[in-house]
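*Asks:* Encoded as structure tokens, here's the structure I'll be asking about.
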Amino acid sequence: MSELGAGAELPGWGADSRRRSGKDGRDSRQADIKYPSGWNEWKRASSKSWKKSLKGIKGLSSYLKLWRHDIHSIEGKFGTGIKAYFSFLRFLVQLNFLLFILMFSFVTLPTVISNYGIFNSSSAEIFPDDTEPYCTVYTPTGNKGLVYFYTYLKDLLTGTGFLEVTVLFYGYYTVDAAWLSVLRYNIPLAYLLVTFAYLGLSLLWIIKRSVEGFKQNLVHAEDQFQSYCNKVFAGWDFCITDLNAARLKHHSLLYELQADLEEERLKQKIADRTMKEKLRIYTLRIFLNIIVIAVLLGCFYSIYRATVFSQENSSDVNSVNFQANLLVQYLPSIVITLVNFIAPQIFSFLIRFEDYSPAYEIRLTLMRCVFVRLANIGVLLFSLWSQIHCATDRCKACGYNYELYPCWESAVGQEMYKLLIFDFMIIIAMTLFLDFPRKLLVTYCSWKPVQWCGLQEFGISDNVLEIIYGQTICWIGTFFSPLLPAIATIKYFVIFYIKKVSLIHTRKPASRPIRASSSNFFFLVVLLIGLILALVPLGVSIAHIPSSKACGPFRSFDTSWAIVPHTVLGFPTGLRKVIYGIASEAFAVPFFIVVCLIMFYLIALAGAHKRVVEQLREQLVMSFGQNVIRTETT
């Protein structure tokens with residue numbers, strides 16, 4: 001007690017001791033601090049300045065992004081679903097421009113420079129012991145003498161005549177090697193490697209964007225209450241100071257909430273269905289799917305009959321006049337274009353009665369239309385290859401039908417070129433001759449049937465499928481027509497403005513709003529399907545069908561793939577053994593097993609992370625509930 005009393009008589013003792021102990025603690029901590037050296041200071045300052053520079057470059061690049069303001073305006077006026085379509089169109093413009101840069105830099109430019117004598121070059125040699133002389137005869141149908149203007153127009157639309165002998169098609173690239181001093185540039189090898197490069201680059205870029213869309217899809221797949229909270233309380237950008245930008249952001253959030261509420265309404269409607277309603281809707285869906293299958297079979301059969309009729313009658317030029325023969329020659333392209341226009345309209349009409357959600361409607365309609373459009377390309381290519389293949393003894397010496405197709409690669413390139421051009425012309429014609437007249441009728445004609453029809457909705461599914469169909473043609477045709485990506489870039493660049501004008505002035509947005517995240521991800525999945533299907537005809541053409549002996553960079557080889565083993569044989573012995581070892585089964589089987597193990601490990605790791613996230617979410621809910629209980633008890 002005395003000690004306590006003594007302590008109590010010294011009121012400053014406790015404060016002085018705390019001050020002394022605090023001072024001693026600070027002195028000990030300061031003694032433990034190791035001041036950074038000049039090298040560490042320089043590294044920290046460099047890292048900060050580098051991050052700041054990257055942030056500034058990223059911000060500047062966002063302002064320089066193609067159509068940034070246009071797409072932002074479309075998002076505010078028409079919602080994120082339509083904005084996803086225009087962003088997808090911008091992605092294809094960038095992709096095709098990059099593919100054009102690849103083909104032009106490594107294939108077209110060296111060939112043109114060599115042909116003009118700037119570099120020393122050598123043409124592909126024909127081996128007379130392996131090839132019959134008549135297989136090497138190729139006389140392109142170039143225009144000679146006095147030519148009418150409509151002939152040039154026809155050549156421009158079909159890729160024949162003067163275009164056949166230009167850099168646009170495979171037959172122009174006859175240079176075997178370009179020499180710069182002692183360096184030899186192998187153009188056939190570059191041609192094949194650039195083909196693999198543009199396919200691989202397209203695959204990686206699509207997968208990268210698909211992963212980003214998949215992350216957004218996972219976020220939107222969470223609890224809808226969390227999604228609403230994010231939009232209501234954290235969706236607004238408080239950095240916006242411009243009135244127009246604020247109005248656009250307001251409309252964008254409004255459309256997203258409408259899409260969420262529409263999906264919730266349909267989910268509630270589905271949950272409240274009785275057994276009788278379920279039986280009725282499933283019966284109706286089965287009946288409508290039977291109609292869809294019948295439409296698909298009718299489309300395939302019409303293309304088959306048109307192709308057979310064209311093949312049997314287009315060669316007989318003297319029996320009919322020039323215009324009729326031209327119509328017969330391009331009958332498959334005309335029928336394909338009609339099928340591509342009519343079938344999506346039928347599918348879009350039928351899908352309204354199947355009572356699906358807006359996002360699922362787009363997916364199902366896209367998948368149905370994908371079967372039509374990609375099967376059309378498959379039927380056309382199959383018919384061409386059936387003509388290229390020849391069973392007679394005279395044709396077997398060349399490996400293909402040299403009489404009908406002396407340079408069959410250019411012929412396939414011309415067909416792809418025609419499909420791309422015709423598709424572009426149809427899109428322009430639809431806008432000029434259907435959308436604008438319909439807009440004028442609805443605006444100025446008070447007749448009830450016209451007003452009942454109204455403006456046509458901006459259908460996202462058929463518009464996306466148009467550009468996916470054109471991109472699949474571009475991937476297939478680039479090997480046979482190296483500058484096709486340049487045409488596709490110009491095409492999609494013009495289509496952006498055509499669709500923008502059509503959306504603003506001649507069409508109306510969909511009555512049922514959709515969410516952009518799931519739609520954008522599905523667009524890329526369908527595009528990936530188109531790329532995978534494009535690999536099949538390219539793989540058959542490169543590895544199986546004999547290359548033309550009268551044109552192209554591979555006329556010295558049996559197939560286009562033969563350039564690879566021919567090049568490997570020129571490598572040093574050690575490097576050649578390493579390449580053969582990598583290509584052998586002894587390496588491929590263990591490599592496949594290791595890849596599978598890594599994949600299974602990543603899948604298990606992702607599942608573990610997902611379970612941890614779910615446990616943390618449950619703990620947060622429990623802690624929140626406990627805090628509420630404590631608050632109520634106090």
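Glycine residues also receive a Cβ, built from the backbone N, Cα and C atoms like all the rest.
Not my notes, these are from TrEMBL:
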type: COMPBIAS; residues: 16-32; note: compositional bias 'Basic and acidic residues'
type: DOMAIN; residues: 407-517; note: domain 'TMC'
type: REGION; residues: 1-32; note: region 'Disordered'
type: TRANSMEM; residues: 91-113; note: transmembrane segment
type: TRANSMEM; residues: 189-207; note: transmembrane segment
type: TRANSMEM; residues: 282-304; note: transmembrane segment
type: TRANSMEM; residues: 330-353; note: transmembrane segment
type: TRANSMEM; residues: 416-434; note: transmembrane segment
type: TRANSMEM; residues: 521-545; note: transmembrane segment
type: TRANSMEM; residues: 587-608; note: transmembrane segment
*Asks:* Short question: most Cβ pairs under 8 Å with the transmembrane segment (282-304), which of 189-207, 330-353, 416-434?
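*Replies:* Checked against 189-207, 330-353, 416-434; highest Cβ contact count belongs to 330-353.
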*Asks:* The domain 'TMC' (407-517): mean pLDDT?
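*Replies:* Summarising the domain 'TMC' (407-517) by its mean pLDDT gives 84.
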*Asks:* Honestly, do the transmembrane segment (189-207) and the transmembrane segment (587-608) touch, with at least three Cβ pairs under 8 Å and pairs 6 or more apart in sequence?
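*Replies:* Answer no, regions not in contact.
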*Asks:* Who are the chain neighbours of the transmembrane segment (416-434) in space, where the CB to CB distance is under 8 Å and they lie at least 6 residues beyond its ends?
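*Replies:* Result: 157-159, 168-169, 330, 333-334, 336-337, 340-341, 377, 380, 466, 469-470, 473-474, 476-477, 480-481, 484, 487-488, 491, 494-495, 498, 501-502, 506.
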*Asks:* At a C-beta cut-off of under 8 Å, are there same-chain residues at least 6 beyond the transmembrane segment (91-113) that contact it? List them, or none.
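*Replies:* 66, 119, 167, 172-173, 175, 178, 185, 187, 190-191, 193-194, 197-198, 201-202, 205, 209, 467, 471, 474, 478, 482-483, 485-486, 488-489, 492-493, 496.
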*Asks:* Treating G and I as helix alongside H, and B as strand alongside E, what does DSSP give for the domain 'TMC' (407-517) in helix, strand and coil?
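*Replies:* Helix/strand/coil tally for the domain 'TMC' (407-517): 86 helix, 4 strand, 21 coil.
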